[in-house]
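Have a look at the structure below before the remarks.
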Amino acid sequence: MSKDFILAVDQGTTSSRAIIFDKKGNIRKIAQKEFTQIYPKSGWVEHDAMEIWGTQSGVMREALEFGRVKPDQIAAIGITNQRETVVVWDKETGDPVYNAIVWQCRRTSSICDEIKRDPQFVKYIKENTGLVVDAYFSGTKVKWILDNVEGAREKANAGKLLMGTIDTWLIWNLTRGKVHATDYSNASRTMLFNINSLEWDKKILDYLNIPESMLPEVKNSSEVFGVTDSHTLGGAEIPIAGVAGDQHAALFGHCCFEKGMAKNTYGTGCFALMNVGDKPVYSDEGLLTTIAWAENGKPTYALEGSVFIAGAVIQWIRDGLGLVRSAEDSEYYATKIDSTNGVYLVPAFVGLGTPYWDMYARGTIVGITRDTKREHIIRAALEAIAYQAKDVLECMKEDTGLDLAGLRVDGGAVQNNFLMQFQSDILQSEISKPKVNEITGLGAVFLAGLAVGFWKDKQELKSILTTEKVFEPQKDSQAVAHDYRGWKKAVERSKAWAECYS
């Protein structure tokens, strides 16, 4: 039977998804299932790793069944995943020793504070991992599990525990424990991987007291990792041939193959990446240096700005405040008024990312008067997403010396035309939205397809990607500058709140 499709395994922060693509990049079928968000304490976020695997394997089977595609028609699987979220499990039983600790979780802030007391080590971490010391990354989360779960430290020292980001956890389960591996992009998000030597960093592992025996093998983003176990997907042994963290996969899906090309993904968080070529560029502006992907042992590097809360602020005004019935309603209410009337919402629910890196910042609404209505709050929430993206992209301009020559966008929130137009206005730049909104999944299948010869080369990939809509700035630069100054003042009000008032 001909291999006409590639299956994207897209494991996100709030849902597990499976997407079947054909050779022209068309979507045959999407299946999706949300899973439980666990909040044991203020600032703590967890997932049940077994529920992640259960929902992910379920939607894979559902996509095949309802897409009327047989497993042996799948040429390869590409995996893309929420990054930094980490699982520690028993090597023999495959059972997690604790819930997955999610990238948003701030429980290891005190561990990070301890590291920051050693400026030389902080410098070492930045120069060798490309990251700042923050609870966002996997390394301190693993240390917390080993230090706080009964018996975990002893088992780890005895070589009985494994760890991995979500891609590694899925590969382990898809292959029934035959493959314990990750790719360069996911490894570069752990704060444990040396992006210069391309090895796990022994100095950092020793500092955090994490045994190297727990760590997965690191492979190219476009490479056959192994095949699915015959019991996993209807008896077929399908090559797992592409793996990348969600933001890296999106950069690849946008065909940002040349130095200086950039994209912004609007999901739970908001993430901008710029391709900086085959050598790392280190930021003076609070950006992260990361590995975008690797092919044939050669990494492509990127600068990244990370915003922790983007689309999640719309979930909050829907579920937490009850201001809208659906996320789509936010656009309707935002366009009922001409402006926020001076209201700003800073969604620092779990701290602030680039360029502030303030673990203790908390959510703030400023500028409220007796005239403030729910429309103003809703519009301010949407505008906050765009302002945070501008914070990041301004940093990229400073670090690279390049003006933003348009921005490629993707993610659920790009369906909100108000947000995209406001983003174009506030950046004073063109915004391009592709026809395929599932760009993260597309990036994963592009990587997998190249590895198995499904597509010939990157030039062929470029011919598949087409633009649906372009947004041009409609607001003058003086008005933009005035509004942006207000945002910066609002951010100042949110900083260090938990530190001062906890």
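Yeah, the Cβs are placed from backbone N, Cα and C, and that goes for glycine too.
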Candidate from Tyr39, Tyr136, Tyr301 that Swiss-Prot assigns to the same glycerol site as Arg83, Glu84, Asp246, Gln247: Tyr136
Thr13, Arg17, Gly311, Gly412, Asn416 bind ADP per Swiss-Prot; candidate in Thr265, Thr268, Thr354, Thr364 listed for that same site: Thr268
Other residues, Cβ within 8 Å of Arg83, Glu84, Tyr136, Asp246, Gln247 Cβ centroid (glycerol site): Gln82, Thr85, Trp103, Arg189, Gly245, Gly269, Phe271, Ser306
Cβ-centroid neighbours of ATP site Thr13, Thr14, Ser15, Thr268, Gly311, Gln315, Gly412, 8 Å, sequence order: Gly12, Gly267, Ala312
Candidate with the highest Cβ count within 10 Å, taken from the binding-site residues Arg17, Arg83: Arg83
Site of maximum Cβ density within 10 Å, from binding-site residues Thr13, Thr14, Ser15, Thr268, Asn416: Thr268
Rounded distance in angstrom between the Cα atoms of Thr13 (ATP binding site) and Tyr136 (sn-glycerol 3-phosphate binding site): 14
Spatial neighbour of Thr14 (ATP binding site) that is closest, considering only the binding-site residues Arg83, Tyr136, Asn416 and their CA atoms: Arg83
Among Glu84, Asp246, Gln247, Asn416, which are recorded as binding-site residues, the nearest neighbour of Ser15 (ATP binding site) by Cα: Asp246
